[in-house]
Amino acid sequence: MGHSSHAEAEERKEMDIRSFSSSQHNQTPYIHKVGVPPKQDIFKEFKTTVKETFFADDPLRCFKDQPRSRKFVLGLQAIFPILEWGKNYNFRKFRGDLISGLTIASLCIPQDIGYSKLANLAPQYGLYSSFAPPLVYAFMGSSRDIAIGPVAVVSLLLGTLLRNEIDPTTNPTEYLRLAFTATFFAGITQATLGILRLGFLIDFLSHAAVVGFMGGAAITIALQQLKGFLGIKKFTKKTDIISVTKSVFHSVDHGWNWQTILIGSTFLTFLLFAKYIGKNNKKLFWVPAIAPLISVILSTFFVYITHAEKKGVAIVGFIEKGINPPSVNKIYFTGDYLLKGIRTGMVAGVIALTEAVAIGRTFASMKDYQLDGNKEMVALGAMNIVGSMTSCYVATGSFSRSAVNYMAGCQTAVSNIVMSVVVFLTLEFITPLFKYTPNAILAAIIISAVLGLIDYEAAILIWKIDKFDFVACIGAFFGVVFASVEIGLLIAVTISFAKILLQVTRPRTATLGRIPRTNVYRNIEQYPEATKVPGVLIVRVDSAIYFSNSNYIKERILRWLMDEEEHLKAAGLPKIQFLIVEMSPVTDIDTSGIHALEELLRSLKKRNVQLVLSNPGRMVIDKLHASNFPSQIGEDKIFLTVADAVLTCSLKLPEEV
């Protein structure tokens, strides 16, 4: 039965080919010519290209036809968006911002103390970084939902890179100065990318690579917390999973502290349960938000009344009171550490920028408003420059806090100001109360926070969609987990660029066939019912033709031709007489591309095959005429559509074909 239906399908296909061929020979169609655009002014063309590259969003549109005074106001609003939305600010919006600001403050305070340890800095520097930078961002940022402060991944990255240069234990003063220097140049990098409108550069780090890097960093951060979670005093300075595992198990007999483990595991269970409640009931979002602060208060009180610190439970100790002291004089502007600070700052700045822009875009799409990526970069850069001068290290948008901020009903960036005020009050009056906070609780808070960075669902989706993307994802993940944060980052960037190069140098090509009973030509692999035209081979090139891929495209087209001729010879069918290249997807062509077409033309002439082009775009036909290629191929060999080309070629074929 199956054999019979297959034979019928083949018979219908043959009938369609015969009816198509006979219809082509019985009509003299009107063939549309390909339009040749008027010659463009070179300076105008260059101006258009630059505008589309750097000013695709037309940022100066609102300044058109405005008086000078209005332009000045619009300029200020462009730099400080708060001047624009602040005009319509009201009590109802403030109520939402107040609640969300207080909520994220309760989450950020214990997190900041823990994250500062990841950066190998004293606890107060984490709190400093949630005071000054959010204030600057509130005035300059364009996102309504981002919550600013230190984040786990950037803290670990900064701490790892800085420790490679200076040991924070033996030389804490120089280490601190290098941290401020790196923060300053992270801000300079971010602001420069925004001012020069080079934000598109961060898109070169693919989503898949970021997912893998974040997941690997989360595992690494969680492993680093085993020191505080288990009460281990001697712990490896390496971050890879093998070194950490060895360090943990070598300390089993003499390094683990059961009281510390009891505190850590109890409150980790509580934090994970709180997250579970918040995840399953969106109205209870505040439960996981305040759980870390409740954990800190309860564990600190428990250690204080039991004097657990005397039984080996490590505590935070003294945290310096008062708001951020100035640190301009501590930044290296000369000397041996300047280049090290620039290098570290650039890496940390780009990673912080990638995370913040991704978070901002996510919540902007959820609330349906536009986020200006370049303005965001300038705002993030400005806040880190100011932060470096006020004893802060690199701050950026935090996903966990931003999610809480969003669910708490934030209306504007004022929620960051509220959070900043709470942190200010904490620094002024409450920090002495954190003296007895056990390190185990900070480890538990960080572990519960970073688990959300392991996005296995995204990894599964990446596997389903694009296997090469999955290689980038898993490569970055294993690079971070088994080597180091820098190696993982390097792998992520390398694979992302490798994918771009592969797609540019090896573009897709396809052979086309005619959809039955239509004049539509599509990829035969996608539409198996599509029929090939006797005596004609139709090839589509799915890319611009540049120096990087022109030779490959020429060779690939010839390979299609050779494969088809071998197939026809084996079947005893007439050979190919016309090769039609469908150029609709070819957006541009350069000198190397035109040379490749000329070489293709010469190769085809030796095979007695005529080259025909279909629908070259404006840029392509303009350059073909500039190189005099149409006179080589023949003006009558360039057609508007594949159907026109096939129709004309079929009329020229011998009757037996």
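Glycine is treated like the rest: Cβ placed from N, Cα and C.
Curation does not apply to TrEMBL; its annotations are automatic.
Features reported for this protein in TrEMBL:
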type     : residues : note
COMPBIAS : 1-17     : compositional bias 'Basic and acidic residues'
COMPBIAS : 19-29    : compositional bias 'Polar residues'
DOMAIN   : 526-649  : domain 'STAS'
REGION   : 1-31     : region 'Disordered'
TRANSMEM : 146-163  : transmembrane segment
TRANSMEM : 175-196  : transmembrane segment
TRANSMEM : 208-226  : transmembrane segment
TRANSMEM : 256-277  : transmembrane segment
TRANSMEM : 284-305  : transmembrane segment
TRANSMEM : 377-396  : transmembrane segment
TRANSMEM : 417-434  : transmembrane segment
TRANSMEM : 440-463  : transmembrane segment
TRANSMEM : 470-498  : transmembrane segment
| the domain 'STAS' (526-649) [mean pLDDT, rounded to integer] | 94
| request: Using DSSP, tally how many residues of the domain 'STAS' (526-649) sit in helix, strand and coil. | output: 63 helix, 21 strand, 40 coil
| message | Test of understanding: applying the rule of at least three C-beta pairs under 8 Å (pairs 6 or more apart in sequence), is the transmembrane segment (146-163) touching the transmembrane segment (470-498)? | response | yes
| message | Can you see whether the transmembrane segment (440-463) and the transmembrane segment (175-196) are touching - at least 3 CB pairs under 8 angstroms, only pairs 6 or more apart in sequence? | response | no
| remark: Best-packed against the transmembrane segment (175-196), counting Cβ pairs under 8 Å over 208-226, 256-277, 284-305, 377-396, is stretch 377-396
